[in-house]
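Below is one structure, written out as structure tokens, with a few remarks after it.
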Amino acid sequence: MSKETFQRTKPHINIGTIGHVDHGKTTLTAAITRALSAEGLANFCDYSSIDNTPEEKARGITINASHVEYETPNRHYAHVDCPGHADYVKNMITGAAQMDGAILVVSATDGAMPQTKEHILLARQVGVPYIVVFLNKIDMISQEDAELVDLVEMELSELLEEKGYKGCPIIRGSALKALEGDASYVEKIRELMQAVDDNIPTPEREVDKPFLMPIEDVFSISGRGTVVTGRIERGVVKVGDKVQIVGLRDTRETIVTGVEMFRKELPEGQAGENVGLLLRGIGKNDVERGMVICQPNSVKSHTQFKGTVYILQKEEGGRHKPFFTGYRPQFFFRTTDVTGVVTLPEGVEMVMPGDNVEFDVQLISPVALEEGMRFAIREGGRTIGAGTISKIIA
């Protein structure tokens, strides 16, 4: 039987469930597929099939994560659910499944718990732009405790607002009751998905963003000049476009005089394509792997940033010992690696394998950096951590 082709008729969104352990993230994921399967918009995935997660690797880190897909009448969703707290931290920091928005699951009986807070903070640091809240286990609240739910909601709204998530919709329901088919609770799942449809905007497509291509290789073609190759990360580049070469050395401007793909000339290259760009007046020694070619003034090179980082445990192939301020590993961004010096925040003496921490990095060479960008940390040829740039300092 021939493989089904992916029909792109609806906008595609990546989301995930986040929240404290045992508040019902996986049950909710199953309940969503059940409610939508009744309308022919999903295949029902039961709890055990989601909970039995495959291992995947992102930036050298093993993550357990389940990917489920479903549709609403308006959109196609890819939904990631992770079993353990550490897997969420790793998944969000490495960007294994970049989220356009998240469903924060909170048990109405417990309210916000430590991991609820940690996931909200992480979501902010790694750039998850929107959150919709599902207040779960509402069936376990008695009439006389109904007022407590209002307090839980108020506390949640304050928590979210503190971290920059204003006016997040909060839907009350019971994932378990919906999964069991209780009609009034299935309706709540539909209400939740409507809130997700309405409050998590479709992200801008990569081709609509300013052009950027990390340089992977440089060739010299006699009589024609210098060609740089790489995969276009975003935007579109056309013959005749003015571009900048950013990173490692002083920024330079040039003009793209040719775009090639598989040795064929093209009028333009766009996001996702592997291309060669012919650059006017640039010598082979003027450019190198690790620089980026981009739309003028869309990206600058920097040497100092704050990063949100997950440090691998010894069992994951990471370090065996802690590190301190002054630690100098290699930081990998796109196609380049640069040595950086770590400064730990005040009050943090050391970082242990398995920790999730935010610290400052001073790079020894300038690199084209942006907030929200992912990086890996390596030492002696192995990955010891991964992170996201939470703030550019200089």
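Each residue, glycine too, has its Cβ placed from N, Cα and C.
Taken from Swiss-Prot, the feature domain 'tr-type G' covers 10-204.
Under the heading GTP binding site, Swiss-Prot lists 19-26, 81-85, 136-139. Counted within 10 Å of its Cβ, the other Cβ atoms near K25 (GTP binding site) come to 26, all protein chains included.
Outside the region 'G1' (19-26), and at least 6 residues removed from its termini, the chain residues within Cβ reach (under 8 Å) are 47, 50-51, 66, 81, 83-85, 104-107, 110, 112-116, 119, 136-137, 175-176. What Swiss-Prot lists as region 'G1' is 19-26.
Taken from Swiss-Prot, the feature Mg(2+) binding site covers T26, and the record attributes it to sequence analysis. Residues within less than 8 Å, Cβ to Cβ, of T26 (Mg(2+) binding site) and separated from it by at least 6 positions along the same chain comprise T17, Y47, I50, D51, S66, D81, P83.
Annotation comment: Swiss-Prot describes 60-64 as region 'G2', evidence class similarity to another entry. Sequence-distant contacts of the region 'G2' (60-64) (same chain, six or more residues past either end, CB-CB distance under 8 Å): 53-54, 82-84, 87, 90-91, 94, 96, 310, 312, 316-317, 376, 378, 382-383, 386.
What Swiss-Prot lists as region 'G3' is 81-84. DSSP places the residues of the region 'G3' (81-84) in helix, strand and coil in these numbers: 0 helix, 1 strand, 3 coil.
Packing against the region 'G4' (136-139) from elsewhere in the chain are residues 23-24, 27-28, 105-109, 149, 172-177, 185: each is 6 or more residues past its ends and has a CB under 8 Å from a CB in it. If you look up Swiss-Prot, you'll see 136-139 marked as region 'G4'.
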The region 'G4' (136-139): DSSP-derived helix, strand, coil residue counts: 2 helix, 1 strand, 1 coil
Tally of residues which DSSP labels helix, strand or coil - the region 'G2' (60-64): 0 helix, 4 strand, 1 coil
Fewest-neighbour residue among binding-site residues, criterion Cβ within 10 Å, set C82, I138: I138
Taken over the region 'G2' (60-64), the model's mean pLDDT: 76
